[in-house]
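Note sheet for the following structure.
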Amino acid sequence: MDLKRIKNIDVTLLVSVFLLLTFSLIILSSASSNVGREPLDFVRKQATWMLIGITLAGSFLFVQYQTMARFSWYIYAANLLLLMTVFFIGINVNGAVRWVNIGAFQFQPSEFSKLIMIVTFADFLARRQGQLNTLKELLPCFAYVAVPMLLILKQPDLGTSLVLIAIMIGMMYAAGANKRILTSLITGGLVVIVFSLYAHFQWGLPLPLQEYQINRLIIFINPDLDPVRTGYHIRQSLIAIGSGGLFGKGLFNGTQAQLNFLPEHHTDFIFSVVGEELGFAGVFGLLLLFFILIVRGLRIARDARDIYGSLLVIGILSMFLFHIMINVGMTIGIMPVTGIPLPFVSYGGSAMITNMACIGILLNVNLRRRTILF
């Protein structure tokens, strides 16, 4: 890396990410205090994932991001192989086979596949600049994303599959795909989904979903239908957020999390812990940090040296934004429970490493946004 480019580094982006990581450790120390063998067990593990992620992000700065485009097909093939290993050596957890154990290290291939899809799909689209105007030209793009998405659905992991769709849509719009056709396809897809759900509930039409996924949709519509399981999760989340008030009950003082009324409060529902223990002020501060990250990312996409760099950034921002919207929406009852974590805040090693690698790519594109003339 040319040291002259250091002046191009986005300090605001770095500070916002540092504050998000600090926020995660603080709120996780409270949210996980009654989970695991020791009070700080999850905090120590999260800090370890952060250090690995920071190291990975830093390593990205020393390689030009365009290098990834040259190997995109190899990376794409490796991603498919990685996803397929789950079916042979994966661990079954609650009916889903998403995890792979290698010694003491356990990881989730579908988490890494999000970033891999961004890196490879950006090259796929960049090579088709000006050739995304007809349905015939758009179909290969859908097929490119559909292959890994179907492997992920087979695990089953609906949440990650939806993330891939969000990434695809954001990147295709940014690549200049025919907006009329793309919007029509999205609208048509939503109509088919709504009609299929209606037909399932009214006439028993079979759906290509697991029973627990269908139950989540049912409970989203009416939580009273399952007051002791998924409906219970949503109700406890709403109670937690609603009881926080302006400044919250204070760290370690939230009743819903500390007394284990709120399930998965260190992972999927950690936003509820923020609302209960830090109140509206904590929620506002957290969302403000996310807002800054997204805005700085858009600036990097705008100033990127080439279309490949812009598409990389847009793909990453699409992933972050979708995660934030779904996770926050889930905790306040306006989205179904999907198991999509809150970026940088929820506990999770695979997700943390992926998110930090994404930050490394954002900084990489930003560092090389203009040619150094001296």
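FYI, residue positions are counted from 1 along the chain as it appears here.
Note that Cβ sites are derived from N, Cα and C of the backbone, with glycine treated the same way.
Nobody curates TrEMBL annotations by hand; they come from automatic prediction.
The following features are taken from TrEMBL:
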type     : residues : note
TRANSMEM : 47-66    : transmembrane segment
TRANSMEM : 73-93    : transmembrane segment
TRANSMEM : 159-175  : transmembrane segment
TRANSMEM : 182-201  : transmembrane segment
TRANSMEM : 278-295  : transmembrane segment
TRANSMEM : 307-332  : transmembrane segment
TRANSMEM : 344-365  : transmembrane segment
Leading stretch by Cβ pairs under 8 Å, where the reference is the transmembrane segment (159-175) and the options are 47-66, 182-201, 307-332: 307-332
Proximity of the transmembrane segment (307-332) to the transmembrane segment (182-201), 3+ C-beta pairs under 8 angstroms: no
